[in-house]
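Here is what TrEMBL says about this protein:
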DOMAIN    465-588  domain 'STAS'
TRANSMEM  125-142  transmembrane segment
TRANSMEM  154-177  transmembrane segment
TRANSMEM  183-202  transmembrane segment
TRANSMEM  234-250  transmembrane segment
TRANSMEM  262-284  transmembrane segment
TRANSMEM  316-335  transmembrane segment
TRANSMEM  347-368  transmembrane segment
TRANSMEM  374-395  transmembrane segment
TRANSMEM  407-430  transmembrane segment
Amino acid sequence: MCSKKASQYHKVETPPPQPFLKSLKNTLNEILFADDPFRKIRNEPKTSKKIELGLRHVFPILEWARGYNLGYLKSDVISGITIASLAIPQGISYAQLANLPPILGLYSSLVPPLVYAIMGSSRDLAVGTVAVASLLTGAMLGKEVNAVQNPNLYLHLAFTATFFAGLMQTCLGLLRLGFVVEILSHAAIVGFMGGAATVVCLQQLKGLLGLIHFTHSTDIVSVLRSIFSQSHMWKWESGVLGCCFLIFLLTTKYISKKRPKLFWISAMSPLVSVIFGSLFMYFLHDHFHGIPYEGIAVGRSFAMYKNYNIDGNKEMIAFGVMNILGSFSSCYLTTGPFSRSAVNYNAGCKTALSNVVMAVAVAVTLLFLTPLFFYTPLVVLSSIIITAMLGLVDYEAALHLWRLDKFDFFVCLSAYFGVVFGTIEIGLILSVGISVMRLVLFVGRPKIYVMGNIQNTEIYRNIEHYPQATTLSCLLILHIDGPIYFANSSYLRDRIGRWIDDEEEKLRTSGETSLQYILLDMSAVGNIDTSGISMLEELNKILGRRELKLVVANPGAEVMKKLSKSNFIESIGKERIYLTVAEAVAACNFMLHTAKPDSPVPEFNNV
């Protein structure tokens with residue numbers, strides 16, 4: 001390895017100082033406004049135009065309505081009617097999960113979609129109730145009030161919970177804190193959703209078996225105990241009819257999955273099941289007393305394909321407002337169900353007007369068609385819920401996690417079993433807790449590894465990744481793969497100490513030249529705090545007592561600024577800070593061949 005002359009080394013510059021308020025403003029803008037949503041408004045010179053752009057930003061309907069045409073209307077009407085055929089039976093079914101009157105499931109597909117059509121930024125999202133949120137509502141409120149014994153109080157609590165959920169969503173959106181929800185990892189979501197779907201499916205055995213009394217607990221042990229302890233109460237008529245509808249729904253879903261152009265078959269099948277089930281009970285209920293029926297009065301995923309952007313914070317505000325307004329109009333918690341949105345997308349929707357069409361279809365149903373649902377059997381609603389939930393048990397994603405990352409798979413399983421063997425709340429807490437724990441683990445235990453030189457180049461890489469990379473016997477190069485914070489400073493100090501001990505032991509065993517320099521590659525250290533700086537200062541003193549010298553390569557602007565302000569650079573010496581690992585190695589190699597180990601490294605030019 002050849003050595004460079006002193007004049008060939010590049011000086012590492014300290015970034016120019018910035019006023020505190022300006023630096024704070026830039027940091028907050030980067031955190032809260034990374035997408036720069038007000039760029040168009042800020043660059044517009046006319047005040048009237050700014051107001052217009054501001055209104056279009058808050059109410060996206062003003063944006064897409066300007067270019068609306070009859071072709072769009074045709075597509076949106078077809079999409080709206082299609083998703084209405086799915087929203088009506090699902091709304092009725094999901095309200096049952098929340099222990100609410102089924103008609104509220106239809107109300108929740110009436111007002112919120114109208115609000116979202118005005119404020120939502122997604123063209124494909126179909127608004128309505130979802131099974132997991134319905135189950136959470138029922139599990140949360142059921143611990144406080146019995147829905148059967150005190151239905152009025154239960155209803156008021158459901159509407160109050162919806163109001164505060166909407167208020168929280170609106171605040172998160174207005175404060176640009178939508179990134180907070182990103183704490184939940186993909187693995188945790190897969191496990192949680194799978195567990196919730198499993199619990200929901202198990203609870204539908206009540207309807208399939210025709211049971212009247214059933215446990216209010218959601219864990220699998222309580223559910224199975226409740227089922228088998230009432231085996232003498234099982235209704236074979238209900239089971240047979242339920243299996244028939246379940247097979248029909250799963251078959252139509254399979255056909256639509258294999259042939260996407262036939263999506264409408266799966267979309268229409270729940271409504272067809274409700275109609276046929278109601279007609280069946282209407283004409284034959286005198287002969288089938290074992291079948292209970294109801295006397296009721298009843299994105300980003302799609303944005304990617306259509307090449308438009310979704311503002312997560314705007315979506316949060318839209319969801320919040322629609323839930324706040326919905327709570328005043330007999331609606332419970334609503335959001336954007338993936339299955340319904342997928343149908344909306346496949347049906348060819350062009351704008352959010354499809355939600356308006358769906359709401360109109362639901363309103364017509366409420367006004368004129370509700371008597372038709374009087375004889376709807378519970379087994380039909382249970383079959384619809386099970387069919388929808390089976391799609392949430394993503395075993396393929398779990399297997400992919402196992403192949404890709406065993407820790408992610410553990411996170412997924414923990415969330416799943418937390419829901420299945422505990423409660424929805426325990427599963428949710430485990431999902432968030434393990435995701436946060438992993439985040440802390442990544443920050444608290446950053447990777448650190450030895451680097452070596454790829455022969456005939458100035459490239460340095462991890463010697464475990466590139467075994468052919470060579471190292472200098474008197475120089476240990478360590479790469480720190482992450483920021484240095486209070487959470488990991490002690491770990492890094494101890495880990496660097498272990499690397500040094502191992503290297504010295506290896507050199508003594510082989511009889512090679514003793515270790516002289518410790519080179520820290522800080523190219524991946526995006527930031528450092530006061531604890532990290534104190535750790536470096538302490539490390540420098542420890543190495544000095546062991547007659548070793550600390551050298552730093554490739555510090556970033558933020559790191560360099562703090563090292564300069566803390567006087568660490570002065571204490572270690574500017575001649576030990578290098579622009580690249582290659583220049584640092586060349587300088588150390590030059591000094592080892594031309595000077596004593598305790599001689600200062602030659603100064604380099606200011607480029």
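Placed from the backbone N, Cα and C atoms, the Cβ positions cover glycine too.
Bear in mind that TrEMBL entries carry predicted annotations, made automatically and left uncurated.
A Cβ distance under 8 Å defines the sequence-distant neighbours of the transmembrane segment (234-250), meaning residues of its chain 6+ beyond its ends; these are 207-211, 269-270, 273, 277, 280, 288, 290-292, 377-380, 382-384, 386-387, 390. Counting residues 6+ beyond its ends, the transmembrane segment (407-430) has Cβ neighbours under 8 Å at 132, 135-136, 139-140, 185-192, 194-196, 198-199, 217-221, 398, 401, 438 in the same chain. Same-chain residues lying 6+ beyond the ends of the transmembrane segment (154-177) with a Cβ under 8 Å from its Cβ atoms: 32-33, 98-101, 104, 137, 140-141, 144-147, 313-328, 330-333. A contact between the transmembrane segment (374-395) and the transmembrane segment (183-202) is present, since 3 or more of their C-beta pairs, 6 or more residues apart, lie under 8 Å. DSSP places the residues of the domain 'STAS' (465-588) in helix, strand and coil in these numbers: 63 helix, 22 strand, 39 coil. Ranked by the number of CB pairs under 8 Å to the transmembrane segment (316-335), the listed stretches 125-142, 183-202, 347-368 are led by 125-142.
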